[in-house]
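Peer 1: Swiss-Prot feature annotations, pasted as is:
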BINDING   40, 67, 68, 154  Zn(2+) 1 binding site
BINDING   42, 118, 154, 158, 304  substrate binding site
BINDING   97, 100, 103, 111  Zn(2+) 2 binding site
BINDING   192, 193, 194, 195, 214, 215, 216, 274, 275, 276, 302, 303, 304, 348  NADP(+) binding site
């Protein structure tokens, strides 16, 4: 079968024929036909050779790329319940170490040993291939009503997790407004990629005032999505920023993009660091640290998601499709065939929000 493979940590990507579906299913396994994969910055980081933590499975030279996925059940083992042939599914990405208490409790996104594997990223083949076998416990069933946007579920699950973490830690004090809503709270989201736009949707629907920040004017599709979600796009090179910020979310990974905004943070506010990149150096002085301390400002990083976050993401996709018709579909800016993937993985097309590989 056809697959898109890399040889991390080396640079490069190619489409090749592989033959790794050559055994019978165990009782709790499922055979899945891949329908679509999303392409994200992590995939491009692996292809470029910049993500040095990426590695193939033990005993293999190549890694099948791809962690954003949508598939359809083709066959299943006799002990698989709740899934039937023809059902649409999304596989979760991270698989636990099997040792620490978090992994044993289904929260591999908080693995304490670091011995986890991640499909298409480190130690486990991913989903950019025609078929794959997975344990049923790692699959999330997708309602037919959202199949057209379900390839967005994996990135959304990360947003769902970060939002739930924020609401948990902000219970340290009264954070809602006098009327019990959040309409007095300003959220500044640095970056207007798919994750930034999903954060915008998440906080807008919860009643926050969401601002999407970039150092340029929005592309037409970005402007449309932000406007329809009742958020506001800000070009930080020319537009006025909100006077105060109650939540700062960085999806860019560039310190120079978000650290200068910290001085605008309100008392008792929070910072979520989501984006990752390498190389840039940016000075943080003692005055800024003092400001964070004296104003009870909380900072935390967030990565990956649990199966429950995926399941909650299904609910959000269902609600958003009804609340914001066409917005989520517009995030998928290009659909390509597997043979076209290497070119797009090397170079991000201008105006891209989400490029999707179609296997059907």
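A Cβ is built for glycine as well, from the same backbone N, Cα and C atoms used for every other residue.
What does the local environment look like for each feature on the list?
Peer 2: When secondary structure is read from DSSP and collapsed to three states, residue 40 (Zn(2+) 1 binding site) falls in the coil class. Residue 40 (Zn(2+) 1 binding site) counts 18 other C-beta atoms within 10 Å of its own C-beta, drawing on all protein chains shown.
Packing around residue 154 (Zn(2+) 1 binding site) is summarised by its Cβ count: 26 other Cβ atoms lie within 10 angstroms of its Cβ, all protein chains included.
Taking a C-beta cut-off of under 8 Å and a sequence gap of six or more, residue 97 (Zn(2+) 2 binding site) has these contacts in its own chain: 103, 108, 111, 113, 114, 115, 116.
Residue 302 (NADP(+) binding site) falls within neither a helix nor a strand when secondary structure is assigned with DSSP, and so counts as coil. In the shown protein chains, 18 other C-beta atoms lie within 10 A of the C-beta of residue 302 (NADP(+) binding site).
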Peer 1: Where does residue 192 (NADP(+) binding site) sit by DSSP, helix, strand or coil?
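Peer 2: Looking at the DSSP assignment, residue 192 (NADP(+) binding site) belongs to neither helix nor strand, so coil.
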Peer 1: State the three-class DSSP label for residue 103 (Zn(2+) 2 binding site), counting H, G and I as helix, E and B as strand, and everything else as coil.
Peer 2: helix
Peer 1: Taking the Cβ of residue 192 (NADP(+) binding site) as the centre, count every other Cβ atom within 10 Å, in any protein chain shown.
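Peer 2: Neighbour count, Cβ to Cβ under the 10 Å cut-off: 24.
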Peer 1: Please give me the CB contact count at 10 A for residue 158 (substrate binding site), counting all chains in the structure.
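Peer 2: If we count other Cβ atoms within 10 Å of residue 158 (substrate binding site), we arrive at 23.
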Peer 1: Could you state the whole-number distance in Å separating the C-alpha atoms of residue 154 (Zn(2+) 1 binding site) and residue 100 (Zn(2+) 2 binding site)?
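Peer 2: A Cα-Cα distance of 24 Å.
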Peer 1: May I ask you to report the DSSP-based helix, strand or coil state of residue 158 (substrate binding site)?
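Peer 2: In three-state terms, residue 158 (substrate binding site) counts as helix.
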